[in-house]
Amino acid sequence: MEHEFWHERWAKDQIGFHEGTVNQYLHDHWPELAGNGTDAVFVPLCGKAHDMWWLHDRGHPIIGVELSEVACKDFFEEAQEKASVHPGEPFTTFRHDDLQIWCGDYFQLVPDDLKHIRLVYDRAALIALPPEMRKSYVNHLTAIIPDDTRILLITLDYDSSEMQGPPFNVTDDEVFRLYGEDYEINQVLKRDMARDNPFAKRRGLRNGATESVFTLVKK
């Protein structure tokens, strides 16, 4: 999937994958992973997710990485918050207190960039990628985060003949194939999305969809 695909989606406001509110599963299940702590959080392929403000409001330093400059700017403008902008290579950094969005290619991150990270929140990264890119995404993620980093992962599964992603369908079995060798995986929720759910109706999912929530801890 080329960079231009995502730049075009953001430029044309074709962002049906964006949630305009805090994700309910984050709200419900984050304490299971993070407890009452305020460890630093990495949000890959973060877009302009409101979830980052929710995490920041609970004391977590945030590093998000996002390819689209439009998304980075919108994130702060829509919250009516100012960010300092620091151009650089391979990332331009948008900063507001200890909330940062790094604008650039996720695959350019190196371990030193995330050495202080202890938590990862992935609601829209794995499911944003087509099947042929997911192994590379996971391999890179597990290579750049510290070994004691814990992950909250949210996935979506549906009949792929009914809808063309993104978001793409990711089965529970695929999560275990991608992460199972190195991580203890706990599926904390699996819930069917009703056929009359606005997202399912908008995208033509006549058979609905299934959402899953996982916590991952290094073995």
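Cβ from N, Cα, C; glycine included.
Keep in mind that what you see is a predicted model, and the values were worked out from it rather than measured.
Positions annotated as S-adenosyl-L-methionine binding site by Swiss-Prot, on the basis of sequence analysis: Trp10, Leu45, Glu66, Arg123.
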Structural state of Glu66 (S-adenosyl-L-methionine binding site), classified by DSSP into three states: strand
Other CB atoms within 10 A, centred on Arg123 (S-adenosyl-L-methionine binding site): 26
Protein Cβ atoms within 10 Å of Leu45 (S-adenosyl-L-methionine binding site), excluding its own: 23
Number of Cβ atoms other than its own within 10 Å, given for Glu66 (S-adenosyl-L-methionine binding site): 25
